[in-house]
Amino acid sequence: MKTLLLALAVVAFMCLDSVYPLNCFQCNRETWWKCSEAKRCRLGNKCYNLYNSDGKWTVKGCAQTCPTAGPDERVKCCYISECNRY
């Protein structure tokens, strides 16, 4: 019984991070160059960066699911606070 209780405590401790919303940088194609402060996202969202192929802009934000890249774009999703800084 003690072993089960200890195992549950360890699992709960490891999952604590997933209970809190992430802080993600959020900016669009017009404001990407001054995206300097992370904002709180909804619980369960992940951070993302959407890059165009020639490096002229980057869209940053948070979403329930990772966005789909369009032609000449690429997407990077991440799962810890402020992970979409660069």
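Placement of Cβ uses the backbone N, Cα and C atoms for every residue, glycine included.
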Cys15, Cys35, Cys47 - which one Swiss-Prot pairs with Cys24 by disulfide: Cys47
Cys77: disulphide-linked cysteine among Cys62, Cys66 [source: Swiss-Prot]: Cys66
As recorded in Swiss-Prot, which of Cys41, Cys83 forms the disulphide with Cys62: Cys41
Cys77 (disulfide bond): tally of other CB atoms within 10 A of its CB: 16
Cys62 (disulfide bond) as reference: those disulfide-bonded residues from Cys24, Cys35, Cys77, Cys83 with C-alpha within 10 Å of it: Cys24, Cys77
Fewest other C-beta atoms within 10 angstroms, as judged across Cys24, Cys27, which are the disulfide-bonded residues: Cys27
For Cys78 (disulfide bond), the number of other Cβ atoms found within 10 Å of its own Cβ: 16
Cβ neighbour count (within 10 Å, all chains shown) around Cys35 (disulfide bond): 18
